[in-house]
Amino acid sequence: MSSQGLGGGIGVTSGFTRLCKGLAVVLISGHVILHVFPSFISYLALIPARTIPFAWNLITAGYVEQHVIGVILSTIGLLFIGRLLEPVWGSKEFLKFIFVVNFLTSVCVFVTAIAMYYITTQENYLQVLFCSLYIYTPLSGFHGVLAGFLVGIKQMFPDQDISPLKIKAKWIASLFLLPCIAVCFIVPESAPYLPTILFGTYTSWIYLRYLQKKPETNLRGDPSDEFSFSTFFPKFLRPVIDPIASIFGRLLCGRSEASTDAKGYMLGGGGAALPGSDPAEASRRRERGARALEERLAAERLAAGASNEDHLSHKDAAENV
């Protein structure tokens, strides 16, 4: 495995995929539309109290940024992280991941907002006031999917170093959540963004853990221990997290993760384990991801070297003339 970090050795503008560029145009266009027609926010953003008659908000909200800084950060994150994940997953799966995570995140935010409103109707006035304001707040932005991208990096490149931070990629999703939570306590105005980020992280893990289909094996999910839910937490907390996570695992897939790891996925009732369903297959997928990253970095270095040689040859020719 290359020692090259994820953040180093990559041209600043090279390697952006066509799909990511197209999605970046969608994000920028959505912001421009809201800037030109501010009233459209009621039809495009997720307003929990008005979502039922405008159900398409569950899809459109994730692609609409209300603020300039939001569209800048989302576009940069999409382009740079997308060129890491899309070559490994493929364009179709990459687009499917974005759509599923965005939709599930919006659904979770909507359900949580409505539930909190009804739960607090019997509580004190300030709680009721806060939840009443929240369910009428336009919620939108790509930050839930960006949080999900970090989970994808954790899965595919866990042992790669993040330059210049000098941390392993497997911790990037967890370390991203910590300052987000802290900022919400320091700057209360940023609190509406937190549920989207939290649900974006969790729903992306659920999708990659249980639902993502692998064309090479025709199986779903990543049952490896290295991608279990407890790996988002420090090691000393994992004995507490694992039993709780296993309960949700049984709810999601009908059997415990331990039984899946031990037996593999069974084909019909014959008891024959399908190939590639164990943690070894997940490790091979990560190795393929690392190789894809190394190949892309090598290609970009060769392209940069060829460009420099052409520049020097043209310069020498001009001097000779």
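Note that the numbers count up from 1, one per residue, in the order the chain is shown.
The backbone N, Cα and C atoms fix where each Cβ goes, and this holds for glycine too.
Under the heading transmembrane segment, TrEMBL lists 23-47 (among others). With a cut-off of 8 Å between Cβ atoms, the residues of this chain six or more beyond the transmembrane segment (23-47) that come close are 54, 57-58, 60-61, 63-66, 68, 70-71, 74-75, 78-79, 82, 98, 106, 109-110, 135-140, 142.
According to TrEMBL, the transmembrane segment annotation covers 67-85 (among others).
The transmembrane segment feature in TrEMBL is assigned to 97-119 (among others).
Taken from TrEMBL, the feature transmembrane segment covers 125-151 (among others).
Annotated transmembrane segment per TrEMBL: 171-188 (among others), in sequence order.
What TrEMBL records for 302-321 is region 'Disordered'.
TrEMBL lists 308-321 with the feature compositional bias 'Basic and acidic residues'.
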Distant-in-sequence neighbours of the transmembrane segment (171-188), which means Cβ under 8 A and at least six residues beyond its ends: 147, 150-151, 153-154, 162, 194, 197-198, 201, 232-233
